[in-house]
Amino acid sequence: MKLVLTVVVLVGALASTCSGYQVKPKNYSATVEQLQHEYARAEKEFEREFRIWKHTGVKTPRFREMLDSWKIPREERGMELEDLPIQREGQICLLCRSVVGQLMQQRQNGATRDDLFGTAYELCTTLQIQEPDVCYGVIEINIDFFIYIFDNRPSLGSDSVCAVIFQSSACILSDPEFLDWSVNVDASGRPVTESKHFPSARGPNDIKIVQISDLHYDPKYQMGYNAVCNRPACCRNDQGIPEDPSEQAGRWGDYRDCDSPWDAIEDVIDHVAEFHPDAAYIYHTGDMIDHGVWETSIGHNIGAMNRIYSKLIRTFPDTPVLNILGNHEAHPTNVFAPTINVRPDFSMDWLYRFSADLWGHWLPQSTRHTIQQGGFYTYLIRPGLRVVALNNQDCYTFNWWILWRPDYLANQMQWLHDVLLVAERNNEKVHILAHIPYASSGSTFRICQREFRRILERFHDTISAQFHGHTHRDEFNVFYSRESPEHAINVAWNGGSTTAFSDINPNYIVYYVDPETYQVTDFESYIFNLTDANLTPDRRPDWFKLYSFAEEFDMHNLSPAEADRMVKRLGTPAGRDELYRYWQFKVKLGDPSLEAGCDENCLLNHLCQVVVSEMGDDVKCDELRETFFD
């Protein structure tokens, strides 16, 4: 999922797993506003030079100069937009608007599919966005969706396209069709008057729940093959064996841009079953498919998922496994067409029916309808505790269908609201499972963030916890009231990943949940060191408990109030050592990450990521910045 700065058809398919956050300079908004005029001028110049090229077949010296200046350095291919220097946001938005605007104009002028493909491919290779075979594959897989959207949304502008996909303060979204939809929220809830807290600490009767996330099984992974291939996924059996032994893939995975071999998939599942036989539930939060985004297919995805589900069924025949979809389960990657779409070749029915069949081993028949409809469901897993399992890939900024009908995003969110309303009336507590963290400003469409926070605030008494994946990091988010931002109302936990992609150790999480409130009282993260494991390839990896969250950070429990107290402490000079430990645990002591380190500005970015849950709402981050360097 490495985010490349690209012709738009490439962006989402190659997007990074790790969606970071950058604290904005105090003059950031004014600077962005000043630069908009310069960006508009450059966009017009690109348009002029592009048209000369298309009309004459010749790139002028000025056009070549522009393309050379926009080439993507190899080291930036693997960086999330938010992890780049913040001044790059506007430059990337400019590149996107310039290229997409001309592709759209070409189509309006009668360009064929082959014409558009040729233009996109030449720009992708000229700008060095990816290797030629990756450019070819990703464009081929995705181009028909864009042609359909361009043809059926003639009013859609490149500014809106880029503001959705390259979501940032420098890429301005103003189209009311994207902004002016909402969920009907019941108005009878109890107002938020304080941070949510509860008295229970971790106890012997707590329910144990194991979260497994982001397996990313690669059927092509092969020990000894090239781990430095300059593509979104390496260590594959068609990429050759490098002469340098240090560039060869290890037995149990690789810190570089490589997914998981089958041996590693089997090992983590077997380890959970062997060492946590008392787990009441398994939360499996998506992304089973590899990062070979330029060559996915329905058959490939089904084959890989079927192997994993078969292993889970054999290993946990009597322990409920609550599954959700990740963005990689789709073909093409990230693209989840709405059910209202009329083109059968764009339909996601194959994935939803497959999921309903396999998940049916653990779920009641009553869940089948919504799974087949959209890959989501709800299930009362025990008296008083309801799981709501979402397919929130519809709100992923790299799901192209947002560009077609942004208001369709309200459908599943309205269903979530209505389920929560019934749960509230029945005095049930709810755990929400969703692959992509709603707080991720680099991944979740900003209006979905806004509407989710409205729902979260309305049902702050009912929702006990959220569980996410996608980022591959052992991290969490604290949600604050929109109306009273001094009050913390919910916490979302992230299960990390069992893949080492990239620069991290594999992990899984064991949660301890109070049997009355169903709040999380503590969790433990289990990892193994990949370097050590690969040094002894004939032995199973040596898993160990990395830490207990409550013990490590001196918390009575993991309530929103306690999490808020912890964050405030880490946001002071006296909490710097604790914050550094949090970052070390977040990257799961991955050897390359520890070697790279994290300075004070980096640490502040990671801390702000905990408290920012809606793009543009930096209130809590600004508060932390004021205390951070005191």
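Here the Cβ of each residue, glycine as well, is placed from N, Cα and C on the backbone.
Feature annotations, courtesy of TrEMBL:
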type     : residues                       : note
SIGNAL   : 1-20                           : signal peptide
DOMAIN   : 89-175                         : domain 'Saposin B-type'
DISULFID : CYS124-CYS135                  : disulfide bond
BINDING  : ASP214, HIS216, ASP287, HIS472 : Zn(2+) 1 binding site
DISULFID : CYS229-CYS234                  : disulfide bond
DISULFID : CYS235-CYS258                  : disulfide bond
DISULFID : CYS598-CYS602                  : disulfide bond
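A Cα-Cα distance of 17 Å separates CYS598 (disulfide bond) from HIS472 (Zn(2+) 1 binding site).
Across the structure, ASP214 (Zn(2+) 1 binding site) and CYS124 (disulfide bond) are spaced 29 Å apart at their Cα atoms. When the binding-site residues HIS216, ASP287, HIS472 are screened for a C-alpha within 10 angstroms of the C-alpha of CYS258 (disulfide bond), the residues that qualify, in sequence order, are HIS216.
Broken down with DSSP, the domain 'Saposin B-type' (89-175) shows 63 helix, 2 strand, 22 coil.
Confidence for the domain 'Saposin B-type' (89-175), expressed as mean pLDDT, is 92. The two recorded residues, CYS135 (disulfide bond) and HIS216 (Zn(2+) 1 binding site), show a Cα separation of 22 Å.
Counting other Cβ atoms within 10 Å of each Cβ, the disulfide-bonded residues CYS234, CYS258 show the lowest value at CYS234. A simple way to gauge crowding: the CB of HIS472 (Zn(2+) 1 binding site) has 30 other CB atoms within 10 angstroms, across all the protein chains here. In sequence order, ASP259, SER260, ASP287, MET288, ILE289, ASP290, HIS291, HIS328, SER497, THR498, THR499, PHE501 constitute the residues six or more apart from HIS216 (Zn(2+) 1 binding site) in its chain with CB-CB distances below 8 Å. Each of the disulfide-bonded residues CYS229, CYS602 was scored by the number of other CB atoms within 10 Å of its CB, and the largest score is that of CYS229. Separating the Cα atoms of HIS472 (Zn(2+) 1 binding site) and CYS234 (disulfide bond) is a whole-number distance of 17 Å.
Straight-line distance linking the Cα atoms of CYS602 (disulfide bond) and CYS229 (disulfide bond), rounded to a whole number, equals 28 Å. Neighbour counts of Cβ atoms within 10 Å were taken for the disulfide-bonded residues CYS124, CYS135, CYS235, CYS598; the minimum is at CYS598.
For ASP214 (Zn(2+) 1 binding site), other Cβ atoms within 10 Å of its Cβ number 28.
CYS229 (disulfide bond) and CYS235 (disulfide bond) are 8 Å apart (CA-CA, integer value).
For the pair CYS124 (disulfide bond) and CYS229 (disulfide bond), the Cα-Cα distance reads 18 Å.
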